[in-house]
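As written in TrEMBL, here are the features:
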ACT_SITE  35  active site
ACT_SITE  224  active site
DOMAIN    19-137  domain 'HotDog ACOT-type'
DOMAIN    193-307  domain 'HotDog ACOT-type'
């Protein structure tokens with residue numbers, strides 16, 4: 001029996017340890033997945049993306065002998081929402097492992113929407129996620145990741161560069177973790193204080209993995225909801241997620257924690273707005289550990305009219321040096337992302 005199990009594990013390892021090994025899921029979009037005008041919530045799509053990444057990441061990390069583990073989300077790179085998805089369409093989510101380091105896995109995920117009446121399909125999302133495998137015997141222990149085979153040395157080198165870049169940015173992001181969004185009463189319209197919002201959520205069993213930690217997709221959905229409220233308060237129109245910059249998961253969130261998800265406007269262009277979102281976790285049972293910053297990210301939203309065409313965004317009124325500084329930083333990210341989109345468009349032509 002033991003020999004047969006080892007042979008099966010070896011077969012699975014050979015199947016999974018190749019760059020390009022895929023996992024795919026599909027489901028129809030229902031009214032609960034969308035806003036009042038039928039656009040599927042960005043958070044719903046992010047949750048599906050994370051579930052697909054978790055499945056393939058966990059499957060790969062358990063394709064070797066040794067400790068059984070679960071793949072925990074550590075970071076999500078910038079994610080663009082290329083086309084809207086609507087109620088009644090089918091979302092096809094495919095994931096593949098594209099790079100492994102000693103203790104992490106890079107997963108790239110694509111989302112296609114399908115109109116099952118006309119058969120039309122379109123690419124709606126592309127995302128890159130990073131996972132670390134946590135031992136089921138000791139969730140504080142990160143285990144080694146089985147290496148994958150690359151089609152060429154260039155493919156491996158490109159993956160290594162992505163790994164080093166995200167590692168450096170995660171370190172830089174931690175320096176901002178001391179910031180707190182303060183509430184202000186009776187603010188002036190179109191200011192940061194006017195639209196900033198918070199959501200408080202008690203983490204229950206349905207939010208968590210079998211091992212008592214919050215699914216990354218659950219957290220991202222809550223973050224998108226808060227960012228959407230901020231955007232809607234600023235514009236007073238229908239708003240949709242346009243993109244999500246890198247999402248950094250700094251610390252795990254356990255079942256029973258109370259999480260506070262806070263969002264504030266940092267930058268507006270003529271047709272888009274950037275919202276910074278923080279997730280702070282407060283352990284109720286282990287109160288002595290204190291509140292901590294768990295997740296951070298920037299969301300970009302656009303305002304739409306009744307025909308789903310972009311509307312101008314009201315300019316953000318800035319108050320104080322800190323808001324001016326965050327605005328300039330947001331402007332730099334906006335220009336950088338705009339230049340990258342133009343470069344990518346030229347390469348495709």
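Cβ atoms here come from the backbone N, Cα and C positions, even for glycine.
Just so it is clear, the model here is predicted, and its values are computed rather than measured.
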> Does anything in the same chain, at least 6 positions from residue 35 (active site), have a Cβ under 8 Å from its Cβ, and if so what?
Replying inline: 41, 238, 240
> How many other Cβ atoms are found within 10 Å of the Cβ atom of residue 224 (active site), counting all protein chains shown?
Replying inline: 26
> Under the DSSP assignment, what numbers of helix, strand and coil residues are found in the domain 'HotDog ACOT-type' (193-307)?
Replying inline: 29 helix, 56 strand, 30 coil
> Per DSSP, how many helix, strand and coil residues does the domain 'HotDog ACOT-type' (19-137) have?
Replying inline: 23 helix, 58 strand, 38 coil
